[in-house]
Amino acid sequence: METSSISTVEDKPPQHQVFINFRGADLRRRFVSHLVTALKLNNINVFIDDYEDRGQPLDVLLKRIEESKIVLAIFSGNYTESVWCVRELEKIKDCTDEGTLVAIPIFYKLEPSTVRDLKGKFGDRFRSMAKGDERKKKWKEAFNLIPNIMGIIIDKKSVESEKVNEIVKAVKTALTGIPPEGSHNAVVGALGNSNAGTSSGDKKHETFGNEQRLKDLEEKLDRDKYKGTRIIGVVGMPGIGKTTLLKELYKTWQGKFSRHALIDQIRVKSKHLELDRLPQMLLGELSKLNNPHVDNLKDPYSQLHERKVLVVLDDVSKREQIDALREILDWIKEGKEGSRVVIATSDMSLTNGLVDDTYMVQNLNHRDSLQLFHYHAFIDDQANPQKKDFMKLSEGFVHYARGHPLALKVLGGELNKKSMDHWNSKMKKLAQSPSPNIVSVFQVSYDELTTAQKDAFLDIACFRSQDKDYVESLLASSDLGSAEAMSAVKSLTDKFLINTCDGRVEMHDLLYKFSREVDLKASNQDGSRQRRLWLHQHIIKGGIINVLQNKMKAANVRGIFLDLSEVEDETSLDRDHFINMGNLRYLKFYNSHCPQECKTNNKINIPDKLKLPLKEVRCLHWLKFPLETLPNDFNPINLVDLKLPYSETEQLWEGDKDTPCLRWVDLNHSSKLCSLSGLSKAEKLQRLNLEGCTTLKAFPHDMKKMKMLAFLNLKGCTSLESLPEMNLISLKTLTLSGCSTFKEFPLISDNIETLYLDGTAISQLPMNMEKLQRLVVLNMKDCKMLEEIPGRVGELKALQELILSDCLNLKIFPEIDISFLNILLLDGTAIEVMPQLPSVQYLCLSRNAKISCLPVGISQLSQLKWLDLKYCTSLTSVPEFPPNLQCLDAHGCSSLKTVSKPLARIMPTEQNHSTFIFTNCENLEQAAKEEITSYAQRKCQLLSYARKRYNGGLVSESLFSTCFPGCEVPSWFCHETVGSELEVKLLPHWHDKKLAGIALCAVISCLDPQDQVSRLSVTCTFKVKDEDKSWVPYTCPVGSWTRHGGGKDKIELDHVFIGYTSCPHTIKCHEEGNSDECNPTEASLKFTVTGGTSENGKYKVFKCGLSLVYAKDKDKNSALETKYDMLIGKSFQETSEGVDGRVKKTKGKYVMPVEKNFQETTEGVDGRVKKKKKTRMDNGRPKKKQRSGRDDNQTRMQVELQEGNINSVIMHTVKNF
């Protein structure tokens, strides 16, 4: 009997728990026998075919599969030889589809993909066994499904005894989750806490995305890792899926404990029961007593103390509930080791000081969200063929829910069995207001907030995505101080109604919509609730701004947020409009469509004698404020943020006013502003933006009191001539860019980190410049009066970026040592000698007409990664470049003739991506071009190992590229043709696992010499076909040129573009295929030139080439290696390079040359490449080159002779004969 099934040593049990499907010839006497023993020792019934009479039909075994609860499908090398094994697998698949069986696949020295896709010898045996069998299709479906279930892999490195224990553990976990007899909701998650698991694909239990959640939670509960008692908190926003997760956990884990209890809906139960009922309920579950009394619990407590228990408490909402259960929890914690307690809550503060660790339940990813939504939207019609028609709409609803499980469930349920018109209508309604069923979920948490917390929550919704410090400052006031404001933010964060990310306060979209709904409801009630108005139709009535409507009182208006981009017509504002708004805190007239707020027309007509008695206002934003000053009755006592961009304001207010809370002021582009006297008492001011205030001439001396000012922007203040002497100790960023009349810079702070002096009229830096020991960025671009950089700049030890671009009179850069300087921009200067700075990474010398050569010592700049030499028109030669250089841009170096040989040092561990650009170097000599191509070849060879380093070969961008004037494909390319399309017949096994990448070449020509472009990009569409498969074309980058900084340029000459890429999709696809099969393959390549995003018709590819790049296999003899296009040697430092294609002798060995085509060369006995024959012409065009198998073998034998491999030569001779 070919089948392989196993059972217990006892008499046949009434029902077998486990059936093992395996190939007896492979595993019966080894692995499976040990597995059976281990299962029996754990009291698990196992079926074995020894109990059936030999010769009985297979139907008996299939019946045993139906009777079992779990099947272990063990796939081994010869599994597919047995039709019995495969028929059993077909039955297993049917039972798992019905939900009556749990399958755990085990891959014994096989990859799951090999089983799933029937690859290699495993697949060959299947095809041989199933040849002509009509059941072949169903068997393939079984192979496709079962291996997709997460299973256990046993490879060559595995310790089999450990894997046996892992399987036993998985079986026990699965058995605890299987419901009683007769239930059809079989659990399909089997592997529990191990590294493996199962899933059925038909998730009837609605746990989409829960597998990973459960696994993560189980890791925190791990009984093997944590021996003592452990309490875990499960937290997350309302409706995120905590209850579903805990029920799954309880169902899976309860069988591991002698006592276990799940108390759910604690929030609801606490509202209807006394708190002392909670410990009674818990003890009742744990002690199995019907009605235990807390006063007489000594015996239950002692039982609790002696047993390992599992306690799950769901939806805890108040500290009092925890306190009521504290005594029991303490007994559990002091009791027997191994107990576990899980507490789920939407308020993380309740778990502080109680739990050992916390698991935060995150939103679902897009895939699981879509599955969950579809499950509920088509719950009665999962096979609905029209589901595809609803896909686009589904994406919209899933995006709306943002991974929130309950929202997905609610929305899907509301759309179930509804028409597409209803779906469209529902989406439009959701844009106006959220679903009431979603609102009700958040309403429970909102109702439990204090009044202050409710106001803070609704206020934060108006300022979401703002800095946390900013939000807390707005909330802080005379009635709610900074401590209370921070407390409110923390409380809301703990309750998951808001969250902080990267220092910003964020809010889930559903909660944001909920907050808006709460405010809208307030207007429909008695008007006693404070309101925030943001809909323009609620603010503007009949062309007049008027919020006094219905029963709502002006005194209850807390905020007005008017987006002027939504206002079509001009509106008027009554002079007395704000008189009764004594509680108005936030007033914003802004434009959401123009971030810079510069193109908005002033749509609000304001009377001259506007009254603005807003004592409580915290935030005042008024785009294009039309008055010369704020009204006299305006009181900024609580003002925190003042923003009046593009205003007509000349000064803020008349006289001095107390501004103890003012921290942010933005008056940018208020071109009439001439006085800052109103800020004389703003001692807490942190940011001041005066960009574009072109009339402002001076700063008041009183501003020296601003000890907290950290940011000062004076960009474009063209009338500003100087700053007063002051010491702003907190100032970190100072911007004077474009202050064209600013001549002398005084040191107003020793703590400046970023200093912008670009476009000013300064001629020298201050004498005490060395005090700026925290200065990181110094920008002096376009300082045309600047003639020298003082040597004391070298004392700025923190300086990382120095920008001196377009300082036309700067001729000398001092010899200084700035150990941390990374970026040095000297483009457009008159410097004649390049500075030697060992730490510099980015060096720009472009547009320099003085430099004729670079110092030889540049090769020692080991940190240099980017060298910009564009338009250095006097540069005639370049020395050897350093090994880590990633980008060299020598575009437009019209005098450049020679390059160093070698062009750059290449390290044996080379892995840097790099680009070398020599476009429009019209005088580049032929020797220089040959060195560039030789360097490209060596670089391609070394980078072949990069695909193993970079994400398993999934690097899609070009790993190396270069371009230079020329009209020929380099000789080391194995395949080339005239035109933009290349078709190649590749050798068998070309795609074996040593394939590292492809080298591509394109020669382009400009059809219109007068055409100017800002970017050229050459790409190649690579397509491979063989007997079995056809792959979707994959586009590989070859190389590109970009004119940075704007502008366009001509590319008049023909240019050669060379690129090396790992071509990951093609290689990956072939590696997953069967590389052992000997199939001829055809490849087609098409090269295109694009100017940005679209094809550029003014440029064409008139020659192209291809070489496949392979890594050398030291375990194979070189006769086999000659099948490769380009070989990668063991050490490239051992070879002597050349471009003539000859075999160079290095240390007693010969290195295989890279040749254009074997048939083009004739070889002598000494291995040297003889003179090439002329290329044969067809119809006036070069004939496309093909490899000759005969010449290929000749070359192989000659190389073997060189290396003394006589046996290999004899083998090839016999084979050819």
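Cβ coordinates come from backbone N, Cα and C, glycine included.
The motif 'Nuclear localization signal' annotation in Swiss-Prot falls on one of the ranges 1042-1049, 1130-1137, 1170-1177, 1186-1193, namely 1170-1177. Sequence-distant contacts of the repeat 'LRR 7' (750-774) (same chain, six or more residues past either end, CB-CB distance under 8 Å): 715, 727, 729-744, 780-783, 785-790, 792-793, 795-798, 803. Within its own chain, the repeat 'LRR 2' (436-459) is flanked in space by residues 238-239, 267, 317, 346, 406-407, 410-411, 414, 474-475, 480, 484-485, 488-489, 491-492, 495, 497-498, 510-511, 514-515, 517-519, 530, 532, 558-559, 585-586, which lie at least six positions past its ends and keep a Cβ under 8 Å from the stretch. There are 26 other CB atoms within 10 A of the CB of E88 (active site), with all protein chains counted. Within its own chain, the repeat 'LRR 9' (819-842) has Cβ neighbours under 8 Å at 781, 797-813, 848, 850-851, 854-855, 857-858, 860-866, 868, 870, counting only residues six or more beyond its boundaries. The helix, strand and coil residue counts that DSSP assigns across the repeat 'LRR 1' (260-285) are 16 helix, 4 strand, 6 coil.
Counting residues per DSSP class in helix, strand and coil order gives 0 helix, 3 strand, 18 coil for the repeat 'LRR 6' (729-749). In terms of DSSP helix, strand and coil, the repeat 'LRR 7' (750-774) has 3 helix, 3 strand, 19 coil.
Over the repeat 'LRR 5' (708-728) the predicted model carries a mean pLDDT of 93.
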